[in-house]
Amino acid sequence: MESEQLYHRGYCRNSYNSIASASSDEELLDGAGVIMDFHTTEDDNLLDGDAASPGSNYAMSNGGGVASSTTHLLDFLEEPIPGVGTYDDFHTIDWVREKCKDRERHRKINSKKKESAWEFTKSLYDAWSGWLVVTLTGLASGALAGLIDIAADWMNDLKEGVCLSAMWFNHEQCCWTSNETTFAERDKCPQWKSWAELILGQAEGPGSYIMNYFMYIYWALSFAFLAVCLVKVFAPYACGSGIPEIKTILSGFIIRGYLGKWTLMIKTITLVLAVASGLSLGKEGPLVHVACCCGNIFSYLFPKYSKNEAKKREVLSAASAAGVSVAFGAPIGGVLFSLEEVSYYFPLKTLWRSFFAALVAAFVLRSINPFGNSRLVLFYVEYHTPWYLFELIPFILLGVFGGLWGAFFIRANIAWCRRRKSTRFGKYPVLEVIFVATITAVVAFPNPYTRQNTSELIKELFTDCGPLESSQLCQYRSQMNGSKAFTDNPNRPAGPGVYAAMWQLCLALIFKIIMTIFTFGLKVPSGLFIPSMAIGAIAGRIVGIAVEQLAYYHHDWFLFKEWCEVGADCITPGLYAMVGAAACLGGVTRMTVSLVVIVFELTGGLEYIVPLMAAVMTSKWVGDAFGREGIYEAHIRLNGYPFLDAKEEFTHTTLAREVMRPRRSDPPLAVLTQDDLTVEELQGVINETSYNGFPVIVSKESQRLVGFALRRDITIAIENARRKQEGIMLNSRVYFTQHAPTLPADSPRPLKLRSILDMSPFTVTDHTPMEIVVDIFRKLGLRQCLVTHNGIVLGIITKKNILEHLEELKQHTEPLIDDI
């Protein structure tokens, strides 16, 4: 009874129709209803999927009878039918069929390559096309990432002032050639003018502060408004991070236009605007989306990938690695990110090509040198002291904080995204972005740690204090008292600047936590990596300074006395910031191996892998205690995408017959007979049902399974036959067998549809445990599986049915846990 209520509440076949009738793609994005509302054409039909292998050649006959007088006629349908084997929007691909098509293509090329030099050249081109497409993807990803970095830095500084000598220089570049800068005020030079200096002619005083405050808010709102308007008008798919959708697409789902040229163009432009607006978001996640757009566009240049959806996803896996490579300057981390986090199918050759794409992208970014430091990364650090064993305690505590923050953020953000649909903000995304941008700008300006660019903030928090650092975080009191030095104390006492910075960092931490919850999910490009790392870096720096001062004032404690050498710096607060950043990002995304590699590539801190591993694993364990889903999986569920997560475990004891459709109260299973139907009857079945596929049986009496035919392929084949064949009428007999059935002499020409029939659909018996069925769907990428008993077809299990069943079991399990 409860399963029937679940079916009628969110999984009825009309659930997608309301979405499909949306007037724009933005309404489609806004239409992500309640959790697990699988509003897709493929999933709202009980019989979906297409495992047909076009052009399958089987010598055996399934009860076709003797050949009639019409068999001598040319059957045009023996040729490949245009459109058969393709997929509609919001459908799931059939991995098995796509792999079969690729193997057939490969065999055909190999069989012809010795015929002529031209065929041999074509075979070489086919073999190298994979490397060519990932090379182009890496080149484009690196170039676009460099452009985005440079433009975002310039526009971010534009909120504070302008360079008079060269308007295209940002603040740092403007003062590079100046001879009038001082060490204490290295960011001030005559060439750079604040808005107060330009408008009021004064650099100090209340009036200049108010003018700079006003101009900061004006530019922030202008950038945010322009970004959301461009997204709303030209490319609604350009909003958000893009990683949840990339994960879903790589699992086999079709979202037309999500990786198109308009999405690429608008996402590149609006990403710069969104980052420059000062919103609590990052550009790293959207760069993965940008790189995948490049991979998708270049794949259409090569028939090997443009005509095979499974092969195209190999390119997209490599593109996602290139995206992380240029986002963080971490090529190896990008490959591991693609393997661990986003890819659904990752063969060994895709690993090599992902590595090569990440290499090319990193090389291009290094050539552009957007950060001006001759390095790939902005956060490169050099720590001069090792870490000590007792520091694992605060590192693990930072991991606990990261796990708690991740669990809290996921629940709060998902709750707000759900509520957004029922509030005024959900109906007016432009107003929501303007409101959030206004609050962010008004609150951020007074605090220097929230006013500056988030990447610059993380860099400052990571950096170790040295003689060349003028940050407020490094304003320690001198260790000299007259002529006597404090040589018996390992660290330095904090000065007033450090304590003031601690208070400002605490306020910045609260501000970042609150604003990130409400910012992620806005209708602008918004990444989550940098905000999460900023929160962890702030918390880590606070803890690092606290431990450092503890070591100074209590240097005789056994912990510090045992490990810290007298007269030497013992604690590195920047290291705590780095560990905290990794812990918080791990708590939100639940990444482990790839995250550790990304962070040590990002900072160059190879020596500190063990603290990073300890913090990241602790963060994951603590976060998993509150829920195993990361933020991307949570948003996939929220948007209702048909995604079977390989990380979830199925521990229940249900059988296939309990999940298959139809159920006892449902109408009988819609099937086709192999040689008894006419064209009119077949079209009637198609028009009266909305199923995406039909089992083909021997006869109504036998009910034994012959194969499986797709609704789309049947419709295309009939239309193609009417165009190319004469004599196909409504009363023409349709047959799926090798030979035409025996017909009267005056009968119209029969229609042979054997070429669109999948003769080997996946089947399980009605007593198969669902644990095995779920594994089959995950590992083979199936869309549907037929359920039989002694060869007689009983029902069908689709990907949607499995997702329904998992959600139903989850809803039954959670109340039991709450009762305990």
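Every residue, even glycine, has its Cβ placed from backbone N, Cα and C.
TrEMBL lists transmembrane segment for one of the ranges 128-148, 149-169, namely 128-148. TrEMBL lists transmembrane segment at one of the ranges 258-279, 346-367, namely 258-279.
Counting residues 6+ beyond its ends, the transmembrane segment (430-449) has Cβ neighbours under 8 Å at 213, 216-217, 220-221, 224-225, 227-229, 232, 277-280, 420, 424, 457, 472, 501, 504-505, 507-508, 511, 515, 518-519, 522-524, 538 in the same chain. When Cβ-Cβ distances below 8 Å are used as the criterion, the transmembrane segment (501-522) is approached by residues 228, 239-241, 279-281, 405, 409, 412-413, 416-417, 420, 429, 432-433, 436, 439-440, 443-444, 447-450, 457, 471-473, 475, 528, 531-532, 534-535, 538-539, 541-542, 545, 631, 635 of the same chain, each at least six residues removed from its ends. Same-chain residues lying 6+ beyond the ends of the transmembrane segment (216-238) with a Cβ under 8 Å from its Cβ atoms: 24-26, 28-29, 155, 158-160, 245, 255, 257-258, 260, 262-263, 265-267, 269-270, 273-274, 276-279, 429-430, 433-434, 436-438, 440-442, 445, 451, 522-525. Note: the stretches the transmembrane segment (388-410) and the transmembrane segment (286-303) are not in contact (fewer than 3 CB pairs below 8 A, sequence gap of 6 or more).
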